[in-house]
Amino acid sequence: MKEASPAKAYALHLGVIVLLFALSFVLPEYHHGLLARIMVLAVFAMGYNMLFGYVGLLSLGHAMFFSAGLYGAGLAVIHLGWSVPAAFAAGLACGALLALVIGVLALRTSGVAFMIVTMMFAQVFYLIILYFAAWTGGDQGLVVPQSARVLVLGDTSLGLTNPTVRYMSALVLFSIVLLVTLAVARSKYGRVLVAIRENEERTKMLGYDTFSNKLAAVVVSGTICAASGAAYALLFGYVGSTFASVQYSILPLLWVLLGGAATTLGPLIGTLFMYYVVDITSGYTSAYLLIVGIALILLVLFFPKGILGTIRQRWLGWLP
Amino acid sequence: MTDKNGFFDLSKTGLTRRTALKGLAAGAGLAVAPGFVRYSQAQSSAPIKIGFQSHRTGIGAAYGRWYERTTAAAVKAINEAGGINGRPVEVIIEDDGTDPGRGAEVVGKFATQHKTDIVYGTLFSHVVIGSAPAAGEAKMPYFVVSEGHHVASTKLNRYVFQPGITDVKSQIQAMAPWIAANAGKKVTQIFPDFAFGYDHRDYLPPALKAQGAEVIAQIAIPPTESSFTKYFPQIPAETEVIYHVMVGPAVLTFVKELGEFYGSSRPQLFGFIDSLEATDINSPGLEFLDGSHFWEGSPRYAQPDDSAAQKAYRAAVGIDDNGAAVGDPKDVSTAAHMFGCWETLYVVKKAMEDAGYKGPEDRAKLVEATEALTEFAEGPEHPQGPKTFNGKIHQCFGIQNISKVEGGRLNVVHKTKIEDGLYEPEGDYTTQPL
């Protein structure tokens, strides 16, 4: 991979953010709303990519981090009446704490065992949500009241149910996380993570504490996923156990694989692609998941490193 | 029912369908996405568009299929009788995958892309609860056919209604007098350890207590369980009635293992047919249910005293005397619930006519007109039976059927009264702003 000049990389990412901002004014209403949701879920994918793409740890349990944010923020509003910023912070804290605990335990394993352990922890988390149905709403979930989803900034009150406010909130979160992942990917720490992915033994021999580096990556990854979950609860008004099910652990993996693992913009492209393939094909057939499956197979065959990963490999080596 | 991609009004563009299709085919990528197609403003003769949030895939698919058939039959009948306010009804279907996240997106799609007049037809509770915020924010009237208590709990919002099927709290309450008087006074409940089961766990004990009976044990079975024998020793020996509401594919194993546990001498069994909707009551392993009783919203099997309206409804929907699809005895319907689709659409028709509904700008009027409804008389529009409607909690109340499994069919042995299922309202949606 060629070394990108920082200016070029940052210009590209700022360009993407400006493009998303501009799209807010031209997109038809439906696609405007859908893109807001996609940006929030792309943050989930970016969090996943942090661990899977850069450290090479394949987790099948990231739904628990997303749900930790979702429930952390949602339940703080519903049961404690917290404000939007406080609830969002609660979501982040829940995700970070959970990631720390899970990281300490799960990082004792690697490879297939890591997949299984993370999946089992996520299953435990899912069943805990069902068990405490009196507070979590169990499998039916809970509605975050519309009246509580208001962001108060000084004298201004912004209703998060307003499509423009929602889009811009999603964009702000997406932009921050995108720039943070870019900064991490380009930092010394990011290079250590990639070194661990490529050859952990050699990285250890070079004097790096790979366990604490991996643990930090799990916490950053979990916190970003929790940010996505917290934003989802506050922007879209629903918390439910479906988001903690194994399906939502596999989805970010697919989004990242599609877009390109260890690329900063890949998670957005993967999420966007999957959403629109499902949205368009489900308009024509109820067998849309079959089409999604075929699309995935074709992508794996012809774009084995994902869309952006393959583009980087073949044409644009400087892509971060 | 229309082709879901036929939602745009070709008649107003001067295009033939063929030309339009050619034009669409020429487009590339996103340009073919329905949202990018411009269409003209709805005119007075333009169809009333109903967005049907259907469980075509996912765990609710068996219900979704029959909800679609019932909806198609009701829309056909409504259109043949002149439509709503003289306008034809057009149904646009979107699959929600029985997923609350996708459900909310689908409601958004109906509101902002298809620009439907209402959204309708959702069954599974988690999808209803997940979609309700999107409906409230879009100020989109959302008529569900879910039987969950979530609408009547007044925890959703002013735009969500359930006028075509009773809620589970009402159903459970209405069962209690019959159970206490006919089946037994000491009841053990077996239910799945998630929300559907919790409704039964929470509402049955007080209802039975009011009838002089009691729940002596409650056995919650985790949703991941596939074998049940180890739970049966927890059933107290003095149990007179086992009240079971297991759902999902495990129900066949549950019944079979219960049969092996008890052999020929067993307590009375009472269940909710939800467990066996779309399942042949004569399936191998279900023999143990012979002589047991079930709640049914609307009877699956044709009954000797069926009204003319009930007969006409069954013929229109296409189910035979055994409650299976005409011509395919293996395709068993979800008869106990799907009548709610038929009745809900007629409630929508009545409310739109009362409101003088012309288009999306009249949605608030439609909400108020629906809230003003109080009674639905039994007849072709309400073949399941008469109902009352409480506009404050957006919920209807009606009769329930108790059926006995006899000779491989379900025979109705008791019909409850509307009053049996009434309870104190838990809130008032009409105080919320529109």
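Our numbering is plain: 1 for the first residue shown, then up by one each step along the chain.
For all residues, glycine too, the Cβ spot is worked out from N, Cα and C.
Computed from a predicted structure; not experimentally measured.
For the transmembrane segment (A:9-28), same-chain residues at least 6 beyond its ends with a Cβ under 8 Å from one of its own Cβ atoms are 35, 39, 164, 167-168, 171, 174-175, 178-179, 182, 186, 264-265, 268, 318-320. For A:9-28 (among others), the entry in TrEMBL reads transmembrane segment.
Residues annotated as transmembrane segment in TrEMBL: A:34-57 (among others).
What TrEMBL lists as transmembrane segment is A:64-82 (among others).
Under the heading transmembrane segment, TrEMBL lists A:88-107 (among others). Only residues 6 or more beyond the boundaries of the transmembrane segment (A:88-107), in the same chain, are considered here, and those with a CB under 8 A from a CB of the stretch are 59, 61, 64-65, 68-74, 76, 82, 114, 117-118, 121, 125, 211, 214-215, 218-219, 221-223, 225-227, 229-231, 233-234.
Residues or ranges marked as transmembrane segment by TrEMBL: A:114-134 (among others). Sequence-distant neighbours of the transmembrane segment (A:114-134) (same chain, 6+ residues past either end, Cβ-Cβ under 8 Å): 57-64, 67-68, 71, 98, 102, 105-107, 241, 244-246, 249.
The feature transmembrane segment is assigned by TrEMBL to A:167-185 (among others). Sequence-distant neighbours of the transmembrane segment (A:167-185) (same chain, 6+ residues past either end, Cβ-Cβ under 8 Å): 9-10, 13, 16-17, 20-21, 24, 32-33, 35-37, 39-40, 42-43, 46-47, 49-50, 54, 151, 160, 220, 224, 227-228, 231, 235, 262, 264-265, 268, 320.
According to TrEMBL, the feature transmembrane segment maps to A:215-238 (among others).
Look at TrEMBL and you will find A:250-276 (among others) tagged as transmembrane segment.
Per TrEMBL, transmembrane segment is recorded for A:288-311 (among others).
Residues 254, 256-263, 265-266, 269-270, 273-274, 277-278, 281-282, 319 of the same chain, all 6+ positions outside the transmembrane segment (A:288-311), place their C-beta atoms under 8 angstroms from a C-beta of that stretch.
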